[in-house]
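Q: Copied straight from Swiss-Prot:
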type     : residues : note
CARBOHYD : S65      : O-linked glycosylation site
BINDING  : F222     : substrate binding site
BINDING  : C454     : heme binding site
Amino acid sequence: MALSQMATGLLLASTIFCLILWVVKAWQPRLPKGLKSPPGPWGWPLLGNVLTLGKSPHLALSRLSQRYGDVLQIRIGSTPVLVLSGLDTIRQALVRQGDDFKGRPDLYSLSLITDSQSMSFSPDSGPVWAAGRRLAQNALNTFSIASDPASSCSCYLEEHVSKEAEALLSRLQEQMAEVGRFDPYNQVLLSVANVIGAMCFGHHFSQRSEEMLPLLMSSSDFVETVSSGNPLDFFPILQYMPNSALQRFKNFNQTFVQSLQKIVQEHYQDFDERSVQDITGALLKHNEKSSRASDGHIPQEKIVNLINDIFGAGFDTVTTAISWSLMYLVANPEIQRQIQKELDTVIGRARQPRLSDRPQLPLMEAFILEIFRHTSFVPFTIPHSTTKDTTLKGFYIPKECCVFINQWQVNHDQQVWGDPFAFRPERFLTADGTTINKTLSEKVMLFGMGKRRCIGEVLAKWEIFLFLAILLQRLEFSVPAGVKVDLTPIYGLTMKHTRCEHVQARPRFSIK
């Protein structure tokens, strides 16, 4: 009897073992001869490596890359995820093999953005997507970096930022006069929203504050939900459970798109193709010209989606960069003084800084680069996916594989930066301190690269420079003695700092 029970137990154990082995083998893709799967850590059944990611996936995956290399694979739930680190490896994938890695995964959170019709977030990577991207890029350039013949400014962007920076200066000084301190984030957000609003719609959001500004100020729900590694995207059951953040995210998307639809409809009613004043008008004009063509017409809802993408390209990244910059300036007053000395020497105090001053302000440029690198406030690009079976660095990567691009790791790679956790803007200067080290500056990664590179990159860099130059020329920023600025990032699609309500600003000179 005992022998029979032992035999039965051994048979059962053997059966279970064989079943587990079969499941593991079935889980693994069949590899072409001579290739291997990317290495990676062992994961728990059903959970995969989700517990390893924790609250800071960029840090966890950077540590894993030190062990497994620049091409590694994890599982979140039952979904395999390729994680790419290292600048050369990422450039190989996104640039040299750009067509293979230009897709977007079909993730739940991304599908909620304009019903999977967003140029930036949707899985589409075909000819229609490419045409929409070109159209959006051209429209953005026309009303940002192109010159306005009727203005003394070098381009539309400079004109808008110069006006908004003056308004921001006034608001900050009013806050100082009233309460003696302020939280700069919402004030910066309003100014940046007004710049992109002027380019997209021809007006400032102050005219529609009841509709749009509270919505924009709640955009933190957006960047939290679409962050890389969100369990919501990999465990479908979570989509049906009570989730206040998810509901706020859905409400944000729905309300924001409805607001854009209203603005586009108003443009359509008043549209005159002989007098195009903004990006929305340019897209409507494109439709008027191509309405008789079979392949050029864009439905009105598609125009709303393009405007949504363009607005996003020029809003959140700029707001976050300027806000982080102010936090670092009050935490590093000596660096602030050095930048202001450079501004006084090159520009003086009789006129506003202009975009043409950039080459003569290397320390300002170095500071912005170091903000991009040190904060790495866009820790991952929006997730990519493979469009076909491919290989990378000798590893087999199947079609439709979800791919995380770890920009934080690139910006904190000790082999590249030596002391990656030190904040040193001067690292980007040449030996004589007069110019930017171009080779090193090109190793900073914040806007992605390749076919999915952010269409607003140039716009964002120019806008960040001009806002900061104007603010620092006129104001000295500080916090009261004893107030400690918390520079610990809060994880999301774009990482924010803890809000500080104790920032102060003192005029550096009087305006006559």
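Using N, Cα and C of the backbone, Cβ positions are placed for all residues, glycine too.
Show me how these features fit into the shown structure, please.
A: Counting only same-chain residues at least 6 apart in sequence, those with a Cβ under 8 Å from the Cβ of S65 (O-linked glycosylation site) are L72, V83, S85, G86, N406, Q409. The DSSP secondary structure for S65 (O-linked glycosylation site) is helix.
Around F222 (substrate binding site), the same-chain residues at least 6 positions away in sequence with a Cβ under 8 Å from its Cβ are F249, F252, N253, L493.
Listed in sequence order, the residues of the same chain lying 6 or more apart from C454 (heme binding site) and placing their CB within less than 8 Å of its CB are A313, T317, F447, G448, A460.
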Q: Which secondary structure state does DSSP assign to F222 (substrate binding site), in the simple three-class scheme?
A: helix
